[in-house]
Structure formats: C-alpha cells, structure tokens
Ligand SMILES: N[C@H](CCC[C@H](N)C(=O)O)C(=O)O
C-alpha cells in the first residue's frame, strides 16, 4: 500500500490516497502503522477519499484506532496532498469530514507546492450536550472542575471533536503522561476528550501542550489550538487574533466571537513517500 508521511507543525500522520488504494480495516491498520518502533510511526492514519458533498473526504483515525471526527493539522495536509499530487488545480477547496464540510485556502510556494493553508473551521460548539460533557450547566466556561484531586477551572469546547481546556502556571513542567489520561478517561466525557494545558503569555500569545484522545501527547493539535483560542477569547484573556505556541510550532487563529466562524492558519509538510506491506 502506497502512503505519504506528512505533518502539520509536528502532528504527523500517514496519508493514503483511497482514489488509488483500498483500505479494508483502517482501525487496525492505524494501530499497526502508527507504532513508532514496529510500524511507520505516526499519530494516526488519514484516508483521502472521494466525496459527493465536497471536493474530497478526510477520514481520520487516531493511533489507538479510534475514528476522529475532525483533525485540524490533518486537513491542512489533505489540502496540500491533493494539490501537490495534481488531484485538483483549485486553491480554494472544500473537504468533507465527519464533523461537516470545512473550507480551505491554499498558499502555493515558488516551487508550485502548498506551504501554508488557511482553514475555516466553522463556529466553535459550546453546549455541554454537543461537546459532550456531563455538567449541570448549559455551557462549561471557566467552571470549577476537579480531576484526580486537583482543582482546575475548565472550559469545554468542540471543534467537531471534544476539548477540555485548563489554564496552569507551569506548562513545561506538567507531567502530562500522568495527568492527560485522567482527563481523557474521566466519565464526565462520555466520548473521551482531548485536553489542552494552557498558559496565556500576553493578549496575542498562548502556550499550550495537548494530550490527545486516542494518541497521547502530540507535538500539536489543530482543533485543540482552535479550542484554546475560543476559550481564551471567551474568558477575555486574549484579543481576536492570537498565536498559539505548541511543541511543534505555531498556529495563528482568528475568531470574532460567537456567531462567527473561526479561522486557523498553519503549515503542511510532506516528509516522505513509501510502500507499506498490507
Ligand atoms: N485526537 C483527536 C483527532 C485529531 C485531532 C488533532 N490531531 C488535530 O490536529 O485537530 C480526536 O480524537 O478528536
């Protein structure tokens, strides 16, 4: 099976062009090829498929084989893949996901290949029932929330996938391997959750690390960065245009507040192509 290894600020996936390849058991394939010792090594698997509703369909799986409904870093790489492989000549694209259709603007470099992608991520989702999170209010904005005996202030946001955002003083020193799973498997998140640990640096800059549902700590999470920007703007900590600093690099997010779509801009990188024995 031919594949392409790509990443968005270090959030790396194996991409398979399902216009040419047939993938029968994506859940188990994602587990196998994500393994960084016995497989290709990645945060998961992304299948590029035909769509009847949009230009293409992005079908995404985490490293544990669970199916993700949206992937911000991944969708930017899908845009790069289809343009660079001449599957389209459009620089404005629509991509169907399990969380609806997203719209991309591709920036093409001097070599004729995509280097940056801007994504309309749609409007952030805030209702507890839609995230989902079990909480006795309609929204979770800066609410007290105790996990593993530690008191946090939680903001919960969905970008088509669930995010728990907590603000802490020492992001670098966080033992995320210990704390991340406590959030991910907390029963108040019936579909599990991606968790962002955040420090606001100033009104235009935020530092974050992420423990991803189904993949553990990743170098970056696009939907997570969008959720963090949403939470920070809602809480009045930052302005409407903000740079999110993640382990793998930066993303720029713009959101004019409720009733508006949120925009994310960042890179998309092709690492190598190969053939995987299936
Ligand atoms: N782990 C996420 C999917 C990948 C999201 C992340 N890699 C991104 O760039 O948005 C979930 O299960 O909802």
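Cβ coordinates come from backbone N, Cα and C, glycine included.
Features reported for this protein in TrEMBL:
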ACT_SITE  71  active site
ACT_SITE  71  active site, proton donor
ACT_SITE  221  active site, proton acceptor
BINDING   11, 62, 72, 73, 161, 194, 212, 213, 222, 223  substrate binding site
> How many Å separate the Cα atoms of residue 72 (substrate binding site) and residue 221 (active site, proton acceptor)?
Replying inline: 7
> Hey, of the binding-site residues listed (11, 161), which one tops the CB count within 10 A?
Replying inline: 11
> For residue 221 (active site, proton acceptor), what is the tally of other C-beta atoms lying within 10 angstroms of its C-beta?
Replying inline: 35
> residue 212 (substrate binding site) has how many other Cβ neighbours within 10 Å of its own Cβ?
Replying inline: 29
> When you look at 11, 62, 72, 73, 161, 194, 212, 213, 222, 223, which the record names as binding substrate, what is the longest CA to CA distance in angstrom?
Replying inline: 16
> Other than its own, how many Cβ atoms are within 10 Å of the Cβ belonging to residue 72 (substrate binding site)?
Replying inline: 27
>> List the recorded positions among 11, 71, 161, 212 whose C-alpha is within 10 Å of the C-alpha of residue 221 (active site, proton acceptor), in sequence order, or say none.
In response: 11, 71, 212
> Setting 11, 62, 72, 73, 161, 194, 212, 213, 222, 223 aside, what same-chain residues sit with their Cβ within 8 Å of the center of the Cβ atoms that define the substrate site, listed in sequence order?
Replying inline: 68, 70, 71, 74, 210, 215, 218, 221, 224
> How many Å separate the Cα atoms of residue 161 (substrate binding site) and residue 71 (active site)?
Replying inline: 8
> Using C-alpha atoms, which one of the binding-site residues 11, 212, 222 comes nearest to the residue listed as 'active site'?
Replying inline: 222
> List, in sequence order, the same-chain residues at least six positions removed whose CB sits under 8 Å from that of residue 222 (substrate binding site)?
Replying inline: 8, 11, 71, 72, 73, 74, 75, 76, 119, 251, 264, 266
> Counting every protein chain present, what is the number of Cβ atoms, excluding its own, within 10 Å of the Cβ of residue 71 (active site)?
Replying inline: 30
